[in-house]
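J.: Dropping the structure in here first, questions after.
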Amino acid sequence: MQLETQDALYVALELVIAALAVAGNVLVCAAVGASSALQTPTNYFLVSLATADVAVGLFAIPFAITISLGFCTDFHSCLFLACFVLVLTQSSIFSLLAVAVDRYLAIRVPLRYKGLVTGTRARGIIAVLWVLAFGIGLTPFLGWNSKDRATSNCTEPGDGITNKSCCPVKCLFENVVPMSYMVYFNFFGCVLPPLLIMMVIYIKIFMVACKQLQHMELMEHSRTTLQREIHAAKSLAMIVGIFALCWLPVHAINCITLFHPALAKDKPKWVMNVAILLSHANSVVNPIVYAYRNRDFRYSFHRIISRYVLCQTDTKGGSGQAGGQSTFSLSL
């Protein structure tokens, strides 16, 4: 099958995003595994996020490419490809929310934080979030799908009897997953609420940090702390902004498709392609925002790349610069 120019460009960009997502997030997982200083509850959530983003690069993006080309297959195989994409992206969203809640607890109740957020509890929360992601992503298999419409023209040769079980359909996302599910359940129920909650949490974090800083005497140490907290607040605001930038366009298009089908019918194909690329690109920037701006992660990245990529001998001892208290300090 020969690809049109814009389809070929879309596939090429998706493959680049997939490669970057896998490389960056594997590096995050390796850094946590290699450094005892990074093995904290906060970073367990980051590893969950990185794992979801690795899976986006390895599976979700190839599946998205496959269903964008519209090849013919049976309905449930196509539905599985579409739903698996939803499972992984939903897991990534939940992991982002878990990190936000974890950071709020760390700054709101610092003295009780270690007792509240233990490694065992963090792993349990991660397991629950993945189960929820699978439940949400696979909901169309319970009947909320477009099987009747997609297989309405299927008949057995000669007798005219409808046979929907083995009917080949053109495997496009909108042919198997109804927009009502994507808008009402996925967007309004599972994407928009976490986004709004994260915005509120990060605003709260900023307010608590500012309130604490107002009670500090501006000595040299206090000035350094103030600069670090301001930098952290800016980084947290950037997290919310990138999340919205990456995810809202594709859901906005879905809303237009559902509520204004006549308008959506004439939309250029490249518009949806760009929106999908943006949503997948979130898996690339997550390691940059959450990990690359952390001093301990950078040190561990340097060691891993030097030893296993550049094959250089490690001449420095130790496991990093910091301990558990500054696990997610965003200072540079």
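Note that Cβ sites are derived from N, Cα and C of the backbone, with glycine treated the same way.
What Swiss-Prot records for 1-8, 68-78, 145-178, 260-267 is topological domain 'Extracellular', and it gives similarity to another entry as the kind of evidence. Per Swiss-Prot, the feature transmembrane segment maps to 9-33, 44-67, 79-101, 122-144, 179-203, 236-259, 268-291. According to Swiss-Prot, the topological domain 'Cytoplasmic' annotation covers 34-43, 102-121, 204-235, 292-332, on the basis of similarity to another entry. Taken from Swiss-Prot, the feature disulfide bond applies to CYS78-CYS171. Residues annotated as N-linked glycosylation site in Swiss-Prot: ASN153, ASN163. Swiss-Prot lists CYS311 with the feature S-palmitoyl cysteine.
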J.: Within this structure, do the transmembrane segment (79-101) and the transmembrane segment (179-203) have 3 or more Cβ pairs under 8 angstroms, counting pairs 6 or more apart in sequence?
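T.: Counting Cβ pairs under 8 Å, at least 3, so yes.
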J.: As a quick check of your reading of DSSP, tell me how many residues in the topological domain 'Cytoplasmic' (34-43) are helical, how many are strand and how many are coil.
T.: 7 helix, 0 strand, 3 coil
J.: With pairs closer than 6 in sequence left out, are the transmembrane segment (268-291) and the transmembrane segment (9-33) joined by 3 or more CB pairs under 8 Å?
T.: yes
J.: Counting only pairs at least 6 apart in sequence, do the transmembrane segment (236-259) and the transmembrane segment (122-144) share 3+ Cβ pairs under 8 Å?
T.: no
J.: For the recorded positions listed here (CYS78, CYS171, CYS311), tell me which residue's CB has the most neighbouring CB atoms inside 10 Å.
T.: CYS78
J.: Helix, strand, coil: count each for the residues of the topological domain 'Extracellular' (260-267), based on DSSP.
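T.: When I sort the residues of the topological domain 'Extracellular' (260-267) into the three classes, I find 5 helix, 0 strand, 3 coil.
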J.: For the topological domain 'Extracellular' (68-78), what's the mean pLDDT in this predicted model?
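T.: Residues in the topological domain 'Extracellular' (68-78) carry a mean pLDDT of 85 in this prediction.
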J.: Which of the three DSSP states, helix, strand or coil, fits CYS78 (disulfide bond)?
T.: helix
J.: Write down the Cα-Cα distance for CYS311 (S-palmitoyl cysteine) and CYS78 (disulfide bond), rounded and given in Å.
T.: 43
J.: Who are the chain neighbours of the topological domain 'Cytoplasmic' (102-121) in space, where the CB to CB distance is under 8 Å and they lie at least 6 residues beyond its ends?
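T.: Beyond its ends, the topological domain 'Cytoplasmic' (102-121) has Cβ neighbours at 39-42, 44-45, 201, 204-205, 208-209, 236, 328.
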J.: Do me a favour and check the Cα-Cα span between CYS171 (disulfide bond) and CYS311 (S-palmitoyl cysteine); whole Å is fine.
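T.: Here the two Cα atoms lie 45 Å apart.
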